[in-house]
Amino acid sequence: MASADLRDELDCSICLHTYTNPVMLRCGHNFCRVCIDCALDTQDKFGVYSCPECREEFKERPALMRNFVLCKIMENLLLTQQKKMESEIFCTYCVDSPVPAAKSCLHCEASLCEKHLRVHSKSAEHVLCEPRANLEDRKCSVHKELLKYFCTNDIVCICVSCSVAGEHRGHQVEMLDEAYEKKKKKMKNVLQKVIIKREETEKIVQSLEEQRRKTQEKAANLTKRVTELFSDIRKRLDDLENKVLCEIPRQEEQVSLSLSALIQKLEVKKDELSRKMRHMEELCNMTDPLTVLQEPDTGDLCDPEEEEGDGNTEGHNEPLHDVDDLDVAVISDTFHALCDIIRGFRSGNYTEGPLEILMDVNTAGNYLHISEDLKTATRTQINKKRLETAKRFQFSQVLSNRSFSSGRHCWDVEISKAGSWRVGMCYASMDRRGLQSYIGGNNKSWGLFGGKYDSQYGVIHNTTYIQLPHKISSDRVRICLDYEAGWLSFYELCDPIRHLHTFTATLSQPLYAVLWLHDGCLRITGTVKSWES
C-alpha cells in the first residue's frame with residue numbers, strides 16, 4: 001500500500017502519467033516539461049500565470065527549474081521496470097498487450113495467462129508447470145520427448161524412448177514423482193542432520209564467544225591489577241626515595257654539628273697555643289737572663305692532659321668515622337626498605353598446605369567463646385568457667401593448636417570491624433597473666449592491632465607501638481612467617497594485596513598464632529599455606 005502511494009507521487013498532475021523530464025516551479029510543484037510548457041502557453045493569452053497545482057499566481061512567466069533529484073528517481077524507476085519486464089514471463093497468446101503468464105505447457109511449449117489457461121486442453125499429455133522462459137530443458141535432448149522417468153543407474157532424468165530403446169534400456173528407472181519424493185525424503189534427513197550440526201556449531205561458537213568474553217574480562221582485570229600494582233610500587237619507591245633523600249640531609253646535619261663543635265673546640269685550642277707560642281718567642285728573643293729565669297717553667301705552658309691527648313686522635317677521628325659511614329647507612333636503610341617492598345608483593349605466591357590452623361581451647365580466656373570448628377573466637381559477657389591451668393590466658397586471648405619452628409608459612413584472619421582486636425604470633429613461654437601477657441606487651445610476641453574506639457591501626461612488640469599511616473579497609477589480613485630469615489609480615493588482603501609491616505627478629509623458639517579480642521569476633525580462614533620464594 002505504501003509503495004502504491006509512493007508510486008502515485010511520481011505522476012504528473014496534468015497528464016496523470018509518470019513524470020517525463022520533470023521540472024519545478026517556484027512554488028515547489030513538479031510537472032512534465034512538455035505539460036507545463038503547454039499550460040503556460042495557454043496562459044500567455046491572458047497575461048496571468050498560475051501553478052496548475054496550487055493556483056499560486058506569477059506576474060511574469062515563471063522560469064522552469066529542472067528537478068535533478070526527481071529526474072534521478074525517474075531514471076532508476078524506469079530501469080527497474082525495464083528489468084522486471086525482461087525477467088517476467090508473459091502469455092504467448094496475448095499479442096495486443098503483455099499479460100503475465102500463470103502456467104507453461106510442456107507439450108505446447110507455450111506460456112498461458114489465466115484467461116487462456118481456462119480454455120487450454122486438460123489432457124494428460126499437456127503437462128503444466130510454473131511459467132518458464134525456456135522449456136527445452138524439460139524435454140529429452142535426443143528424442144525431444146517429455147522427461148517422465150529417472151534413471152537410478154546414471155542419476156539422470158530420461159524420456160520413454162530412452163528407457164525402452166535408448167542408452168538407458170535395461171536400467172532401473174522410476175517415475176519422476178516417485179524419484180522426487182525419495183530425494184525429498186533423503187534431503188529432509190540430510191537437512192535434519194545439517195540442522196543438528198548447525199546447532200552444535202552454534203553452541204561451540206557461543207561457548208567460544210563466552211570464553212573470549214571471559215578472556216577479555218580476565219585480561220582487563222589483570223591489566224587493571226598490574227597497573228594498580230606497579231602504581232603502588234612506584235608510589236612506594238617514591239615514598240622511599242623521599243624518605244632516603246630526607247635522611248641524607250638529616251645525617252649530614254648531625255655529622256656537621258659534631259664536626260662544627262669539634263672545629264670550634266680546636267679553634268679555641270689553636271688560639272690558646274698561638275698565644276703561648278708568641279709568649280715563648282718573646283722570651284726566646286730576650287737578652288736579660290734574669291727576666292727569662294724569673295718566668296714560670298716552659299713545661300707549664302702546655303697542659304699535661306693535653307700532652308697526653310696529643311698522641312690520641314681517637315676523639316677527633318670519631319666524627320670523621322661517621323662521615324665515612326654516611327653512605328653506608330643510607331644504602332643499608334634503602335636496601336632494607338626495598339626488601340620490605342619486595343616481600344610485600346611476593347606474598348601472593350602461596351601453595352595450600354595439608355594442615356589447618358585451629359584454636360587451642362585449653363589456652364582460651366574464660367570470656368572467649370570458641371566455635372565447634374575451632375576457627376572462630378567471639379568475645380562474650382558470660383564466664384565460661386573453664387578449668388584454670390598454667391596455659392590459660394587471664395584475658396580474652398587464645399593460641400593456635402600448632403606451632404612453626406622452620407620454613408615459610410602464612411594464615412589469614414577475618415577481623416571484626418565492630419570491636420578492638422589484636423592478631424599475631426608469639427612464643428609459648430609468653431606470660432599468661434598481667435599486662436605483659438597481652439600480644440605485643442612483651443618481647444616474646446609480635447602483633448597487629450585495630451579497633452573501633454580510637455580508630456587506630458598499627459603493630460606492637462615489646463610495648464612499642466608503630467602506628468600505620470592508613471586504616472585497614474578490608475575485613476581480612478594475612479600473617480606471613482619466614483622463620484629462618486626472622487621475618488614476620490602483615491598484609492591487608494585488598495586488591496592488590498597491601499604490605500602493612502614486617503618485624504625482623506632472631507627467632508629462638510617455636511611460634512604460635514595468637515588472637516586477642518575486646519569485643520566482636522575473629523575467624524581463621526583457609527588452611528596453612530607454604531610461602532614460596
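Just so it is clear, glycine is given a Cβ too, placed from its N, Cα and C backbone atoms.
For 173-225, the entry in TrEMBL reads coiled coil.
Annotation source TrEMBL lists compositional bias 'Acidic residues' at 297-311.
The domain 'RING-type' feature in TrEMBL is assigned to 12-55. For the domain 'RING-type' (12-55), the residues of the chain that approach it from at least six positions outside its boundaries are 61-67, 70-71, 74, 77-78, judged by C-beta separation under 8 angstroms.
Look at TrEMBL and you will find 135-176 tagged as domain 'B box-type'. Using a Cβ-Cβ cut-off under 8 Å and counting only residues 6 or more beyond its ends in the same chain, the domain 'B box-type' (135-176) has close neighbours at 104, 106-107, 109, 127, 129, 182.
The domain 'B30.2/SPRY' annotation in TrEMBL covers 337-533.
Under the heading region 'Disordered', TrEMBL lists 294-320.
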Summary of DSSP states over the domain 'RING-type' (12-55), given as helix, strand and coil counts:
11 helix, 9 strand, 24 coil
